[in-house]
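See below for the structure under consideration.
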Amino acid sequence: RAKEKERKKERDRKRRRNVARRASSARKEGKELEDRPGREERRGRKKRDKEGKGKGGEDERQEEVKNDTVAKTLKNFSNENTRKLEQKEIEVVGEEDGDTEEKRKNGRSEKGGKREDNGRGETVEKKQKKKRVETSAEHESSEEEEDEEEKVGEEKPEVLSPEELEKLKEEVDERKKLISTLRGKPWPMRKKLLTLRESHEFVEKYEGALGKGKSRKLYAYKVMMLKKWMKFQRDFENFKTACVPWEMKIKEIESHFGSSVASYFIFLRWMYGINMILFGLTFGLVMVPEALMGRPYGSMPRKTVPRADEANAMDFAVLWDFGGYAQYSVLFYGYYNSQRAIGWLKFRMPLSYFLVGVGTVAYSYMVVIRTMARNANEDGGGDNNSFNFSWKMFTSWDYLIGNPETADNKFASITTSFKEAILEEQESRKDDNIHLTRFLRVLANFLVLCCLAGSGYLIYFVVRRSQKFALEGLESHSWWERNEVNMVMSLLGMFCPMLFDVISALENYHPRIALQWQLGRIFALFLGNLYTFIIALMDEINLKREEEEVLKLNMTIWEASLYNGTLGVNSTAPPITVHPADIPRGPCWETMVGQEFVRLIVSDTMTTYITLLIGDFLRAVLVRFLNYCWCWDLEAGFPSYSEFDVSGNVLGLIFNQGMIWMGAFYAPCLPALNVLRLHVSMYLQCWAVMCCNVPQERVFKASGSNNFYMAMLLVILFLSTLPAIYTIVTIPPSFDCGPFSGKSRMFDVIQETLESDFPAWFGKVFSYASNPGLVLPFLLLMVLAIYYLQSTSKSYKQANLELKKKLQTQNEENKKKTKMAALKAAMDLEEAQKAWSEAPRQQRNNNASQQSYTGEKNTVTGHLVSSFVFVWYLKI
Amino acid sequence: MFPDLLLSVCPRLHGRFHELAPHLVPLDYTNQPDIRLPLALIVSMPELKENPFRNRIVEVFSEDGQGNLSFNDFVDMFSALCETAPRELKTIYAFKIYDFNVDNFLCKEDLEKTLNRLTKGELTPEEVNLVCSKAMEEADLDGDSKLSFSDFENMISKAPDFLR
């Protein structure tokens, strides 16, 4: 030891004499340590440091923080990993970050303590160093150098010249760079820690000597706040993802059944969101105010069950049919009063009712169109898919999975995604006889058209017949004749899709496109269904209105008779109080329409659930348990388990939503009903899919943005608002029920509000603005703007496509080029080797050939590197 | 060597190490015993139990290549698999993990093995073949029908969901 000390002293003396030499040696060491020395980066760094000396301290601080994390994250591993078991990946990220944060703080204080130790007890440090020197043979040299440097540092190089300072600074920069890149090096942790500690001490010393490291506290505070902010942001993101309902359920289904089935559930969830908002609108602005502030039940005829129905108004059968008390409640249009303002808030009930009706439709349009536009954007973005398979292979496993069930799901989802990708690949490779496929496709479309025309005619025929029967009176006909329309409809809805399915097998489309065709065809079929329903409803409305006319006449007679009966006795007596239940009332066609829709929705829901239970669950149970005692294999053979019918379910959902849009104006409870229905069917269908369905034979990848569904939804929205708007605009409201009673048209409520609630000038402005002379040019302008925007977007799309094509060809060219270069390099190498093998013969030229060989090799590798850089540059 | 150094930095991790085999791992390293835990023990850890590449991971991080881990190797493994580990480090180790036959290239056999582990062998041989050749075609830039590290790095650096 004594000897060593002497040696060190000697060395120290030398050092003091020659600081420059030490600097260079240390730099060499730095180079050794660095894995991939990026010269340019280093230069850039130097520049930066020269530019801002004040920044230097900050940089250093940052690096320190980073490195503390390196050490401290290690601590976290154990507890973090145990947590991983139970938690989702995202949660772990957030939590772990929090931990690191704490540790970082601790680390900082610890570090500070260590630093102090360094300064005070130098002997301790020395002992440690010695121990290190003794134990580690491989690190000896660097260790010693470190020791020497420390000595010099402690003696404070105050007498340094400017050049030396410069060199020192460079060295410090090297160290700092080493510190910052240390984490990414595949060294053993021990080596990393040692290097880190040494470099830290070094930097610490010389930063002090160079007078850097000011305003550290402030900077540390800043960094801390930044980290905290980032953590908050991440937590917020996590919170947002945690708020998305049913995410895990859908993910699970996707992993087993592929993205096409999952796309249905995602669509269902989206629909649920929209219905929630519609429900909020109608519930908050129409139903609750009327229930709380409007006149109570029993105060007016429209709010009372008529005497004739009173006996069985509470029967379940009646309530189930939405008659009795249900009919005379806030659930339906008829209950609402035409009083202009209700309650102490002076809530404008009729206006609110009208605006909510309009707002429901407007909001739906807005949401559907906005979603479509966003989806189209996503489609247009088109990410780089050049490494599809390799990415799937190397990056699909989630290393955080520790739960066997999750692992099973992940295996299933990876297999499914591979199958999807393989299918896409096979489809793109397939090239059959084009003429034959074309012929078959035309034939298939012809057959489908025939089917559609036939079913259309059948519906028309049946509806006409039923109208005839209705005129003759329903009682004289059999059960079949009375229910003919409904039966024909459901039979068509049941068998035509199957027929279409058979026909579509002819076409040989990619399953995704086949699904779209199937959807489109069934959609056309269902439209017939919808419109017969509407026509029937219109007939009924007309009937009711005739009835109403008759009643109006009777009403006056009834009133006259009432007065006549009592007038004779006492003419000055207060007006006779007749119980509201006894007053005769009109049929109120609006409530009737609302009831029809509600009944339809309920029966539709029931049918869906029952078919689900029978068709899927019962079938699965039978197949599963009868299989033990059956002649053939039920699971593999004929009945088998059912597949999930994406097209049918999507269409069911869409048509259901169309009903809601149509009926929501006359029955404010419809959105609430629909929310309930969607909620239940989410759970029920998720369960049914996981428990009794089998994945489709050809699992295919649904396009992530189901714009096709959206387009159909838009069509349905348009088609369902059409009749609703028609009835609102053209048919006068009933005289004795609903918020618009006593007006000649429903939209008169706007006029009324404008006249009585707004100042006169406003009404004037409004009347000017609604002048056709102003409205028409405005419309024209809008059409022009749309045309202009569309043409520009088209041209952008064109340009985008062109650019993409260009990029692709360039990529391919580069690939070719690199391949050529590699080939050439190999040939060159071979030649060189040949030359090398011939060398022994020409002993004299040995040296020369060797030189040429290495030279050649260098150029070859240089070429390769440059081409790689080129490719890389282009890809960026 | 300095087991005490690592021990002082990450005592909790050593706790885990100790838990795996309490009768083998001492709590103090004063006489520097050379302790290695066999592969079977490491693989039974909950973090690795479900991983299809668990054996490979342990083998890569063991110094002898047989899957026997000393505490130093153990720490290295955890630091590389940590979420906050830098991307370059992960890329390097990922390459090593996927390189089943340790020849510093990913050849077709390696890809097939990877795929079969990922899908639990549920794809047919033709499908496996198709996927492997497609992946090779995509990622192989220099046309030698095996992936070098630079190919791998280039491919993985563009992957969207390669863990941060």
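The backbone N, Cα and C atoms fix where each Cβ goes, glycine too.
As the structure is a computational prediction, the values presented were derived from the model and not from experiment.
Note on TrEMBL: of A:196-217, A:834-855, the range annotated with the feature region 'Disordered' is A:834-855. Of all ranges given (A:313-335, A:612-634), TrEMBL attaches the label transmembrane segment to A:313-335.
Long-range contacts of the transmembrane segment (A:484-506) within the same chain, counting only residues at least 6 positions beyond its ends with a Cβ under 8 Å from a Cβ of the stretch, are 440-441, 443-444, 447-448, 451, 455, 458-459, 462-463, 465-466, 514, 517-518, 521-522, 525-526, 528-529, 532, 536, 647-648.
Counting C-beta pairs under 8 angstroms (sequence separation of 6 or more), the transmembrane segment (A:442-463) reaches the transmembrane segment (A:518-538) with 3 or more such pairs. Here the transmembrane segment (A:708-729) has long-range neighbours at 263, 267, 357, 361, 364-365, 368-369, 371-372, 375, 516, 519-520, 523, 527, 530, 534, 537-538, 541, 593, 650-651, 654-655, 657-659, 661-662, 665, 745-747, meaning same-chain residues at least 6 beyond its ends whose C-beta is under 8 angstroms from one of its own. By the Cβ criterion (under 8 Å, sequence separation of 6 or more), the transmembrane segment (A:313-335) is in contact with the transmembrane segment (A:272-293), since 3+ such pairs are found.
Most Cβ pairs under 8 Å to the transmembrane segment (A:347-368), among the stretches A:272-293, A:518-538, A:765-789, belong to A:272-293.
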